[in-house]
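Novice: Below you'll find the structure I mean.
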Amino acid sequence: MTATPEGMTYADYLKLDQLLGAQQPLSDLHDEMLFIVIHQTKELWLKQMLHELELAIGLLGTDSFAPAYKALARVGRIQSVMTLSWDVLSTLTPVDYLKFRDVLGTSSGFQSAQFRELEYRLGIKDESYLKHYPPGTDERIRLERALAEPSLREAAHTALQRAGFDIGDGSDEAVSAAWLGVYRDADRWFDLYQLAEKLMDVDDALAGWRHKHVLTVERIIGNRQGTGGSAGAPYLRSTLAKRAFPELWALRTEL
Ligand code: HEM
Ligand SMILES: N[C@@H](CC(=O)c1ccccc1NC=O)C(=O)O
């Protein structure tokens with residue numbers, strides 16, 4: 001514990017000079033401030049989600065289910081806030097956005113290292129996105145570490161194994177069979193069943209966020225290409241299929 005400095009103020013503690021000094025629009029257009037604030041807020045919430053996920057993954061490693069659920073529930077609430085914040089951004093009209101879009105150059109949400117780390121920490125480990133980060137940079141090193149360390153998905157598989165489910169080399173079929181066993185006798189495997197439903201909540205909410213992103217993008221730039229070089233809305237629509245726990249979605253058909 002560090003001693004509380006005498007006379008420390010609200011602004012000191014929250015480093016508001018730094019925080020509120022970091023909104024620097026490149027144009028003189030009114031709406032660019034909203035664009036910056038929305039994205040900075042998103043990065044702060046991503047930071048908090050990664051912090052909670054780190055805790056949850058560690059707790060699952062010791063079968064500490066209840067505190068892990070607590071952290072995952074908090075992730076879920078943050079996801080709700082992030083999904084709702086699209087409603088604020090959709091007050092940005094196409095014409096007002098296009099007036100400052102050129103100042104963004106080739107920068108794009110594609111390059112959000114924290115968003116990619118979130119996918120990796122959940123278990124959506126698509127290494128092809130590393131190409132956006134030059135080797136040796138802090139962002140690249142963080143992402144490589146996230147790829148190497150156990151994700152929430154992998155931590156859940158280890159918990160299944162400790163409970164006696166044989167998931168062998170972690171093939172899709174073995175994982176599906178194990179979760180199916182949990183769902184068919186949910187009373188016996190109550191901790192794992194509750195865990196699975198928390199994992200569904202997180203995957204569901206991420207897909208919901210992605211869906212609102214596509215709708216907002218269609219509403220603001222229609223079918224234009226993205227500044228990051230993708231096809232735009234069609235690319236984003238294709239990411240709706242990405243799931244950290246596809247077996248949990250698929251088993252619904254088998255119950
Ligand atoms: C006017 C508003 C926005 C537009 C037109 C827009 C458009 C796009 C497009 C076209 C892409 C695909 C990559 C590219 O080619 O650039 C993309 C990716 C992305 N955007 Fe946005 N976006 C907007 C706002 C936001 C906001 C507010 C967030 C976060 C809260 C966000 C987060 C992301 C992320 C994380 C990706 C990468 C998604 C992935 O690869 O799965 N975007 N965006
Ligand atoms: N990809 C967007 C630009 C964009 O949204 C963006 C640009 C810079 C920083 C963050 C962004 N947000 C998410 O993609 C576009 O194509 O208009």
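Placed from the backbone N, Cα and C atoms, the Cβ positions cover glycine too.
Nobody curates TrEMBL annotations by hand; they come from automatic prediction.
In case it's useful when we look at the structure, here is the feature table from TrEMBL:
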type: BINDING; residues: F35, I36, V37, I38, H39, Y97, R101, T227; note: substrate binding site
type: BINDING; residues: H213; note: heme binding site
Novice: Relative to the Cβ of F35 (substrate binding site), which residues of the same chain, six or more apart in sequence, are found under 8 Å away?
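Specialist: L89, L92, Y97, F100 - these are the non-local Cβ neighbours of F35 (substrate binding site), listed in sequence order.
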Novice: Where does T227 (substrate binding site) sit by DSSP, helix, strand or coil?
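Specialist: Once the DSSP labels are grouped into three classes, T227 (substrate binding site) ends up as coil.
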Novice: Running a distance check here. Ligand 2 versus the binding-site residues F35, I38, H39, Y97, T227: which have CB less than 6 Å from one of its atoms?
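Specialist: So the answer is H39, T227.
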Novice: Using DSSP, would you call Y97 (substrate binding site) helix, strand or coil?
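Specialist: DSSP assigns Y97 (substrate binding site) to helix.
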Novice: Can you tell me how many other Cβ atoms are located within 10 Å of the Cβ belonging to Y97 (substrate binding site)?
Specialist: 19
Novice: Cα-Cα separation of the residue listed as 'heme binding site' and I36 (substrate binding site), in Å?
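Specialist: One finds 16 Å between the Cα atoms of these residues.
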Novice: Which ones in the same chain are close to V37 (substrate binding site), with CB under 8 Å and 6+ residues apart in sequence?
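Specialist: When sequence neighbours closer than 6 are ignored, V37 (substrate binding site) has Q23 within Cβ distance under 8 Å.
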Novice: Given I38, Y97, R101 as the binding-site residues, which ones have a Cβ positioned under 6 Å from some atom of ligand 1?
Specialist: I38, Y97
Novice: If you draw a 10 Å sphere on the Cβ of I38 (substrate binding site), how many other Cβ atoms land inside?
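Specialist: Within a 10 Å radius of the Cβ of I38 (substrate binding site) lie 15 other Cβ atoms.
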Novice: Among F35, I36, V37, I38, H39, Y97, R101, T227, recorded substrate binders, what is the largest CA to CA distance in Å?
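Specialist: Those residues reach a largest Cα separation of 19 Å.
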